[in-house]
Amino acid sequence: MELEIVWLVRAAWITVWVVSILPLVIASIPTSKLNSFRELVLSFAGRGKILHPSSQKFTVPQKFFAHFYVIGVVWTTLLLAATWIYACEMAPLSSEEFQLSDIASRLAGGSDVFSIHKSHMTPVEDRFKVWRAVFLLLLMEIHVLRRLIESFYVFKYSPSARMHILGYFAGLFFYVTAPLSLCSNIAPEVARFVGNQVAEFIANGKSHTSAPELSLVMFISPLMKLGSLQLIGGAIFLRGWIHQRRCHAILGSLRENPSQAKEYIIPYGDWFGMVSSPHFLAEIVLYAGLLIASGGTDITIWLLFGFVAANLTYAAGETHRWYLRKFEDYPANRHAIFPLVY
């Protein structure tokens with residue numbers, strides 16, 4: 001079942017790549033022969049100020065972005081809670097257990113099979129995999145929580161700002177599939193664990209159900225035992241997270257007055273001094289942090305990161321060209337998204 005879930009998530013990302021990212025790549029080829037195709041792609045992929053005028057018929061308000069983050073918070077919270085409890089119960093990483101399970105693993109020749117019928121999981125590598133998933137989901141939770149708060153209290157979308165309905169459904173897909181991608185290799189075991197706990201509760205009742213003995217130390221201390229890649233990845237994630245928060249605050253401040261609701265102003269400050277879409281750059285940076293923290297061995301997370309990078313790079317390019325057309329005095333030293341490169 002584990003392989004089925006993993007390959008199902010990967011197949012979903014590959015399908016999205018073929019359906020959405022490949023057309024974006026083709027549309028980015030600088031040739032006049034693709035102008036019609038480029039306009040067609042932009043009519044589906046555009047939103048807000050870069051939405052093609054002919055696409056207004058099949059759109060929803062851009063403030064519906066909040067729906068993405070509501071779903072992202074609820075779904076990520078469920079995954080994080082279930083995985084964290086499972087990790088504490090089935091994959092402890094205390095010092096003594098860490099050493100004993102390592103010895104047992106070497107004597108037994110190791111095993112890659114998880115089983116909820118064991119009191120604890122072996123070998124250590126499998127326990128580490130579980131806690132690494134907890135760490136990734138924790139970072140994702142921090143991200144989607146901030147985005148949800150910003151969607152209500154920071155961004156002031158213009159009443160005319162719209163996005164294509166296909167882009168809306170793509171956003172819903174993303175915030176369901178992205179958190180799952182961070183834990184897809186252990187999701188079947190976590191689901192079975194939760195299912196068994198629920199079945200035990202239903203069969204025996206609350207008074208006969210053995211409550212797990214969990215403590216704050218059990219929840220937190222294993223995260224302190226993760227490796228250097230998690231530390232580096234977490235630091236990169238936080239750098240992107242902080243700069244995106246700053247850039248979003250700058251964008252939100254441009255429309256503090258109701259009279260500015262339909263105005264566009266050149267933003268300044270933070271990474272806006274280098275690129276036109278620093279909030280997109282920060283998003284790529286924080287997902288790169290997730291990729292590094294994952295160890296970089298899971299193709300599913302590579303597909304997730306590639307989707308984020310390709311999609312935002314295209315959107316940033318269109319945004320940059322819109323700024324150049326809109327403002328004659330637009331800073332000439334700014335690039336679209338990657339400083340000194342593009």
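Numbering starts at 1 and runs along the chain as it is shown here.
Placement of Cβ uses the backbone N, Cα and C atoms for every residue, glycine included.
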### Task
Identify the transmembrane segment range according to TrEMBL, selecting from 216-238, 285-307.
216-238
#### Entry: Outside the transmembrane segment (216-238), six or more residues from its ends: residues with CB under 8 Å to it
84, 87-88, 91-94, 98, 128, 131-132, 134-135, 138-139, 143, 285-286, 288-296
